[in-house]
Amino acid sequence: MTKQVIKKETEQKKHKKQRRKEVVEEEERKKKMPLGEKQGWEKSESRYCGVETEFDDDMPGVLTSNLSHGFFDFVVAPLMNPTYRPSLVEKEASGSSPVLPFASSDLVLCLSQWSSHVIEWASHLSLQACLLPSPKSTSCANYARCVNQILQGLPNMQLWLRIPLVKTDEDAMDENSRKIVDSWEVWNSFRLLREHHSQLSIALDIMGTLPSITSLGRWFGEPVRAAMISTNCFLTNARGYSCLSKSHQNLLTAFLNHSVQVVISGKPLHSVPKTGSGLAFNGSNVNNQSVPSSFSHPSHPLKTYLDYIGFLFQKMDPLPEQELLKLGFRDCLRSPLQYQRAIHEALLDRVPEENTSVTTILMVVEAGRGPLVRASLQAAEETGRKIKVYAVEKNPNAVVTLHSLVKLEGWEDIVTIISCDMRHWNAPEEADILVSEMLGTIGDNELSPECLDGAQRFLKRDGISIPSSYTSFIQPVTASKLYNDVKSHNDVAHFEAAYTVELHNIARLAPPQPLFTFNHLDYSAKKSNERYKKLCFKMPSDAGSALVHGYVEALVLLYKDVHLGTEPSTATPNMFSWFAIFLPLRTPVCTQPGSDLEANFWRCCSSSKVQRGLAALTSKYKLLHDCSCLMQVWYEWCVTSPCASAIHNSNGRSYWIGPIRYLQL
């Protein structure tokens, strides 16, 4: 029997290893393809690189030379003739003005070609986006008003505002450097005049000199859709090839990771050496592999720059473990492994080496389908300790799975399944170790403190609770995408709710700080699960101004030195299913470099609110729970500096957590 199990596990490991290898090879295969040659679904998952061209009446020729021969993914082209001036058109005697052609005809290409490749002049062609020139200063009300009028008539098309990536240097000796306006300030002024419209995005013009890393970080929380890099930014390496500085490489790689499209603009400034074959950026080829002939002898004048962007794309890190897990390795769960380590430590603390014959009573409350039951038994086997397990679960469907698992694994003499709500169960004996997994995204947002307070009666006074404590962490962020999603509902209630989100395009403005902590076990007479905390975040002095849209909370779960959480400095690897919480602000707060951001947070509890609500339902509904067990919990938050905001979700009017369940009579 043991040999069969070992053989089965070995085969499963081989299958997983082979599947992982296939996924990695597929990703590497797509990376080695020219960016413009990717097809179908591969293109939806890939990064794009386009080219900016001048006006040309022969648009089919422009597309052929840049897409088919040049291997670019798309073209950014001005379709309005730059010589066209409406003010120079002379009016006829009748008072009417002749309409001169200001662009190429839309008949030179079919509609599908317009929609797939060109950023152009007419919204009726249903194109992806239209590129707008940059505002000249932060005083741009007239420009913003014109864009506002355009957006009101655009059902789908995006407008990309071109913004040069510059930042003032306060310590610069040059007077002209101090007069430069921070480009983020220009964007923010324009965006505020447009009330954070979701169809307005950014095309960043990357310059030869970049701002500080902290200042650049602000843009990752903004709706950047394209990074336009001029040929002036490229250097020449020792072998005569065009290349970028390390800081530019890091910036473009980060943009590629955030699905930002790259656009190459400008005239070719670097000649391609005639000797040698293949790419030779920074003195080496990519992984010493051969390169297609189309790469070796570029026919397009900007092909060498596209090759370099392809080089950056190829040398990017492969898919992280988190992404591989999402593609089919979800059985490699981090949470039960960490729980197993914690139970391992608890058993060693509870039962000394000289007394291993003692049986430890272990209770798993909210056992679900049994991952923590399995983790407990594996920890007992590792430590050589004897345990007796009570698995308490109220979901009848999960109980069926538990019974099947116990029978399949032969645990009938060790595991006792209790199909009951733990609040109504009278345990036959007290437990030495109480294990639970009722943690929400931030630990306490699924009533874990309230539930575990009731479960303490199962545990001996000197018993061990796993988790023993948990702390939520919070930090200010810029998250334009999340803010616009909440704003699209056009009501206050959605700004007063907490959202579970997978963070992607955000800018973290200050280090996270601990918020609320809960310890188990706590037998104090005046115990309360209500909390209040005021936090002060110091904005970095080199970051420039920033717009605070909301807050992100994360969790650290501790038993001794075993932790489980998503707080960045101590994050557990591969916690892909444990997302953060986003607390939006109705009005974003603009902070200045080196300023303080003061925020207040409350965790409120009330049973009286529930009782008042139940009184109105008594005649119409049948309650499923004892009223004395019901508790309603909600969060409130506000900003008090640099400017005061309203207290969000006052008295839980828009969002709360509570176990009210009822059936209609």
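Every residue, even glycine, has its Cβ placed from backbone N, Cα and C.
Automatic prediction, not curation, is the source of TrEMBL annotations.
Among the features that TrEMBL reports, region 'Disordered' is placed at 1-39. Sequence annotations record features per position, and here TrEMBL assigns compositional bias 'Basic and acidic residues' to 1-12, 21-30. What TrEMBL records for 119-315 is domain 'PRMT5 TIM barrel'. Here TrEMBL flags 338-466 as domain 'PRMT5 arginine-N-methyltransferase'. Per TrEMBL, the feature S-adenosyl-L-methionine binding site maps to GLU393, ASP421, MET422. Per TrEMBL, the feature active site, proton donor/acceptor maps to GLU437, GLU446. TrEMBL lists 469-610 with the feature domain 'PRMT5 oligomerisation'.
Positions of the features from TrEMBL, shown on the structure.
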{"residue": "GLU393", "record": "S-adenosyl-L-methionine binding site", "Cβ contacts under 8 Å, 6 or more apart": "GLU366, ALA367, GLY368, VAL399, LEU402, ILE417, ILE418, SER419"}
{"residue": "MET422", "record": "S-adenosyl-L-methionine binding site", "Cβ contacts under 8 Å, 6 or more apart": "VAL365, GLU366, VAL392, LYS394, CYS451, GLY454, ALA455, PHE458"}
{"residue": "GLU437", "record": "active site, proton donor/acceptor", "Cβ contacts under 8 Å, 6 or more apart": "SER335, TYR339, GLU366, GLY368, LEU372"}
{"residue": "GLU446", "record": "active site, proton donor/acceptor", "Cβ contacts under 8 Å, 6 or more apart": "MET438, LEU439, GLY440, ILE657"}
Can you give me the residues near the recorded S-adenosyl-L-methionine site, meaning same chain, not GLU393, ASP421, MET422 themselves, Cβ no more than 8 Å from the center of the site's Cβ atoms?
VAL365, GLU366, VAL392, LYS394, ILE418, SER419, CYS420, ARG423, HIS424, TRP425
How many other Cβ atoms are found within 10 Å of the Cβ atom of ASP421 (S-adenosyl-L-methionine binding site), counting all protein chains shown?
17
Count the residues of the domain 'PRMT5 arginine-N-methyltransferase' (338-466) that DSSP assigns to helix (H, G, I), to strand (E, B) and to coil, and report the three numbers in that order.
57 helix, 36 strand, 36 coil
What average pLDDT is reported by the model for the domain 'PRMT5 oligomerisation' (469-610)?
85
From the DSSP assignment alone, can you count helix, strand and coil residues within the domain 'PRMT5 oligomerisation' (469-610)?
18 helix, 71 strand, 53 coil
Any idea of the Cα spread of the S-adenosyl-L-methionine site, GLU393, ASP421, MET422, as a max distance in Å?
7
